[in-house]
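Listed in TrEMBL:
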DOMAIN    539-729  domain 'Metallo-beta-lactamase'
TRANSMEM  26-44  transmembrane segment
TRANSMEM  51-70  transmembrane segment
TRANSMEM  256-278  transmembrane segment
TRANSMEM  290-308  transmembrane segment
TRANSMEM  314-330  transmembrane segment
TRANSMEM  337-355  transmembrane segment
TRANSMEM  361-379  transmembrane segment
TRANSMEM  391-410  transmembrane segment
TRANSMEM  416-438  transmembrane segment
TRANSMEM  450-470  transmembrane segment
TRANSMEM  482-502  transmembrane segment
Amino acid sequence: MLLFSIAAGLLTPALLQVHLYTLERVVQAGSIATLLMFCCWWILRSQWRKLLLLIGIYLAALSVQGALLITRIDEQIPTGLEGQTLAIRFVVESLPVVKARGDNRFVTQFYGRVTQLGSGEQNGRLLGKRLRLSWYATGQPVNLSPGENWQAKVRLRRPRGSVNPGGFDYQAWLLSRKISATGYVYSQAGVVQLEQRHEWPGKWGVQRARQTLARVLFDNWASPQIGLLRALLIGDQSAITQDQWDVLRATGTVHLMAISGLHIGLMATIGFAIGAGFARVLAVYRPAGVTWLAPVFANAFAFFYAALAGFEIPTQRACIMVFCFSLVAWRGRQVNFWLIYSFALIGVLAIDPFAPVSGGFWLSFAAVAVLGLGLLGRAPRDGAVFSLVKVQALLLVGMSIPLTLIGLPVPVLGAVANLVAVPVVSFVVVPALMLAGLMSITGFSGGDTLLNLALQVMQILWSILSWLHATGSRVNELPVTPFQGGGMRVGIGVVALIFILAPRGSHLRLPGGALLLLFLFHRPPPLPLLRVTHLDVQQGLAVIIEAGDYTLVYDTGARYSPEFDMGDRVVAPYLAYVGRRQVDRVVISHRDNDHAGGFAGLSGAVSVASVLAGEPDQLPRTKHTPFPCEQGQHWQANRVEFEVVWPPSHFTDAKPNNHSCVLVVRYGSTVILIAGDIEQSVEADLLTAGILPSKISLLSVPHHGSKTSSSVQFVSQLDPEFAVISAGFNNRYGHPHKDISRRYSQQGARIFRTDLDGGISFSLQADGVYHIEGERHRLPRPWFD
């Protein structure tokens, strides 16, 4: 119970849905309450002393962790430095990642730490800050190495990301890696590589070894699977393609293609066996005093492999657990699994206060807990195949609960795929890569042969995984009810997991199975009469319209690279979060990237029935054929009416913005208008035609609030109750223009902005009442600005 109190206190601060100033008050109140609890514990002599002690320890852990979280948040750069051109000196701290951006352009991404400010820079709060920088170049990429010192001019911004229902918290991810700002090298002028500083030679040795391995082993191979091997050996996932990620996610094998706890545990086991072998030999000459060899070798192997991965957060968790187990083994005591589990949990939370925000944190500890509950105390059975099948069955059933709770699908094919992939990757591919890496570093020949072996095996394995993905795509995911909060369902899931994994003969498995079915296929919340959600896709537009079981997506945000687009990273996760497995219609307003760029990613992630587009001939080719969006088109779904009021048939205009498909949505007296990027000339045409509604409920403000749109007459005619502006935070276009915001305010509209409010949901209740709220305010977090 003592360790439980500590772990619970360390978990709490990052899970609180409060603003920063509230967290500060919680820490202050917790500190005072801790003193009171310990004073009461010291004074009282009753049966309450133990409870008071546990509460005091919980409050103490909460207060300390909360203070650490606040300190980490305060390490972000001051807002006054955002967007300024700053002359700094920095040291490269990470393995640089080079990406091609087309047209002979490249970007090199890396972590750097500020070592000195340039002459004239007075803000000392930049010193020592860790930055995530991008360096753009034309012709050839900038080649950097860990430990190099550079002088350059940069432009920075505080960590910030999109905030949407069911979305990824990019800001928390950055802060968990101690990133104080993101930015880019602003100009090649003034860029100077400085002399190497006199530092301990081993400081950058591991990072340089990772870079050397990448160049020596992988750069001369052209196989598509070489990116997977690169990820397994040095933890660099940048060469894994989007199609490969899709296969890995569908087959439940993502955890295998990165240096995860499974691989760290494997290397620790190999190290333990080698150390134990040495100990037996040395025991002949020194019978006592060599028991420490096995745990030392286990930790050395685990630490070395984790260092190759850049010692990222998932590998830190595994190393802490290996250290705890080996420490107990060295002391010669019987290992209490749950005691070590608790120590590892506390250790991870102590080094990373943002860990509870990560889905990987919950999945890794949940997987270990499932295996512990399912395997400990059972009579062992012979046969490696039987053991592997049992482990995969345990993980399929047990992990269905945490996967559902964090909004991820439950891959049915995962058990089958892992039966093949786990032994192949763990016992063939990884050892071959490790030996190839060691031979390359030490100068021995044979590294290429081992790498070729690993590559051939990986190609065979990949063909199996691809076949499973292709043949089983229709039955791959259980149609479980998405989790959207609710303590009752969490409790049912936890009890179901404990009952199912109870020892044989306890008569708990049958009720556990019933509870599991109740958890997975829980009665979903009632479908909305009408819900319109403007997603936070930065400088772009993506609107989801839900009418009962009908789903329409209007625009899909931008595409920033072959690996990243808003359709796949923002729109599809939202649809999964609300349980939408198919999109009935996608409307692409016009060709511009910030509206149409994410369509390919979305269509690859979810099923799309039909597509309308303002400029169908200008869209990138996909498996879907878009039909032209034309004035007069009309359809109905679940009593919600949809009408296209622009553009007219055979419309011609040099500006793509004016081809935007303008959509009017009606449900009774509720009227919504989505205007795309139309400009004032089109607004005038619509006013002249007399087809615009008046006194509407919700307006998606045209062209992100640009001053080229939203004329006085247009705003006056529509007279919206709510006006939503979709724009990027501090975007370079200055959207929304202050005059436009003032115009809507003077008209009486209540303005919402995705850059300030996050994803914005407008819903019509059964009693006819509107409810509109931004995600940054619905679920506040201490690190949100």
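Each Cβ is built from the backbone N, Cα and C atoms, and glycine gets one as well.
Long-range contacts of the transmembrane segment (51-70) within the same chain, counting only residues at least 6 positions beyond its ends with a Cβ under 8 Å from a Cβ of the stretch, are 1-2, 5-10, 12-14, 20, 23-24, 26-27, 30-31, 33-34, 37-38, 40-41, 44, 349, 353-354, 782. Same-chain neighbours of the transmembrane segment (361-379): 260-261, 313-314, 317-318, 321, 337-338, 341, 345, 348, 355, 390-391, 394-395, 398-399, 401-403, 405-406, 497-498, 501, 503-504, counting only residues six or more beyond its ends whose CB sits under 8 Å from a CB of the stretch.
If you look at the transmembrane segment (416-438) against the transmembrane segment (256-278), you find at least three C-beta pairs under 8 angstroms, all six or more positions apart, and that counts as contact. Tertiary proximity for the transmembrane segment (450-470) is limited to same-chain residues at least six positions away from its ends with a CB under 8 Å from its CB atoms, namely 217, 221, 223, 225-226, 228-229, 246-248, 250-251, 253, 413, 416-417, 420-421, 424-425, 428-429, 432-433, 435-436, 439, 476.
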